[in-house]
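Chemist: The structure follows.
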Amino acid sequence: MYLTILGGGSWGTALAQVLSYNFEKVYIWDIDKQVLKDIQEYHQNKKYHPNVMLAHNIIPIEDIQEATNIGDIIVVAIPSQFVRQTLSNVKIEKEKPIISASKGIEIESLKLMSQVIEKSLNLDLKYIFALSGPSFAKEVIMGLPTAVVLAGDTRLGKDLQKILSTKTFRVYLSDDVVGAEVGGSVKNVIAIACGISDGLGFGNNARASLITRGLYEISKIVKEFGGNPQTVYGLSGLGDLILTATGDLSRNRKFGILIGQGYNVEDAIKEIGQIVEGYTTVKALNNLVKEKNIDLPISQMVYKVVYEGLDPKLAAEMLMIRDLKSEF
């Protein structure tokens, strides 16, 4: 059986490595030809994982149509705002499982990645899955124990669950694609908030409060999108949120820390050197607030800080002095 990974970034490469044990061949496509060249010549992704030797059954491929044709299972690990553009000229010749490992909400359409993939590839939703959960790419590629959730049609999902699980990568099953995708996307915004708090030196109490109230915001968005709010208490919600909001490997938390320390957005992104998904997701959430009139105070304050230049300390004060209310 062959696996195709679309996206040779940090996460796509980590998935290729950990899943290489279960597939005869793993094909990896990326728009960056140098990444593919390095994998071909050195069996390394020097840009994202320079110290890791990749399995020899990981094969770079330059033609995205050929890559999607050859794989029995396709994993999409492309930055969320580029998924539609990347898949726009791809045709799936026969129905096969497509797994979204991209975390984000499309800014203009407010579509989740499974919805973008469905529209772009003209596929039945039963073939589209979301893979989410607490999973730093660096730890996955090192073979450290990781548990994630695969959300989608549970009949086909049971077979995929077995195929994708390894001795270091445990896959749980869910039927709530919406809940899994919203959790995996919005937690990045809350992680930025926690990072800003840490950068300002606000301490553990503030971080715990942001995580807890942030989880409540995630549950409200899940409900708005038609998912199951209970999903937020699983791996794709609470699990991923705790990891991203507290872990030192979190790009979103690091971005927030830099903002809290006085960096401007451009310099913070440059310092990190990779895409910060929460930065674009918070823009999508701001559009959602305008369209649906949902109260998302933490997400809205993050937007005001990173897009409107609001002073982080003032944003924190504004959160604290809002009208008092019941917890739920």
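Every residue, even glycine, has its Cβ placed from backbone N, Cα and C.
Relevant sequence annotations retrieved from TrEMBL are reproduced here:
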- 4-152: domain 'Glycerol-3-phosphate dehydrogenase NAD-dependent N-terminal' (DOMAIN)
- GLY7, GLY8, GLY9, SER10, TRP11, GLY12, PHE82, ALA137, ARG251: NAD(+) binding site (BINDING)
- SER10, TRP11, TYR48, LYS103, ALA137, ARG251, ILE275, GLU277: NADPH binding site (BINDING)
- LYS103, ARG251, ASN252: substrate binding site (BINDING)
- LYS103, GLY133, SER135, LYS187, ASP240, SER250, ARG251, ASN252: sn-glycerol 3-phosphate binding site (BINDING)
- 176-315: domain 'Glycerol-3-phosphate dehydrogenase NAD-dependent C-terminal' (DOMAIN)
- LYS187: active site, proton acceptor (ACT_SITE)
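In the displayed structure, how are the listed features positioned relative to their neighbours?
Modeler: When the domain 'Glycerol-3-phosphate dehydrogenase NAD-dependent N-terminal' (4-152) is classified with DSSP, helix, strand and coil residues number 55 helix, 33 strand, 61 coil.
All chains included, 24 other C-beta atoms sit within 10 angstroms of the C-beta of ARG251 (NAD(+) binding site). ARG251 (NAD(+) binding site) falls within a helical segment according to DSSP.
Around the Cβ of TRP11 (NAD(+) binding site), the number of neighbouring Cβ atoms within 10 Å comes to 24.
When DSSP labels each residue, the domain 'Glycerol-3-phosphate dehydrogenase NAD-dependent C-terminal' (176-315) comes out as 113 helix, 0 strand, 27 coil, counted as helix, strand and coil in that order.
The Cβ of LYS187 (sn-glycerol 3-phosphate binding site) lies under 8 Å from the Cβ of GLY214, ILE218, GLY237, ASP240, LEU241, THR244, ALA245, each of these being in the same chain and 6 or more residues away along the sequence.
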Chemist: Filter the binding-site residues GLY7, TRP11, PHE82, ARG251, ASN252 down to those whose C-alpha lies within 10 angstroms of the C-alpha of ALA137 (NADPH binding site); answer none if the list is empty.
Modeler: TRP11
Chemist: Near SER135 (sn-glycerol 3-phosphate binding site), which binding-site residues out of SER10, TRP11, TYR48, LYS103, ARG251 have their CA within 10 Å?
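Modeler: Near SER135 (sn-glycerol 3-phosphate binding site) by Cα: TRP11.
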Chemist: Whole-number Å only: compute the distance from the Cα of TYR48 (NADPH binding site) to the Cα of ARG251 (NAD(+) binding site).
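Modeler: Between the alpha carbons of TYR48 (NADPH binding site) and ARG251 (NAD(+) binding site) there are 13 Å.
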Chemist: What average pLDDT does the predicted model assign to the domain 'Glycerol-3-phosphate dehydrogenase NAD-dependent N-terminal' (4-152)?
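Modeler: Averaged over the domain 'Glycerol-3-phosphate dehydrogenase NAD-dependent N-terminal' (4-152), the predicted model reaches a pLDDT of 97.
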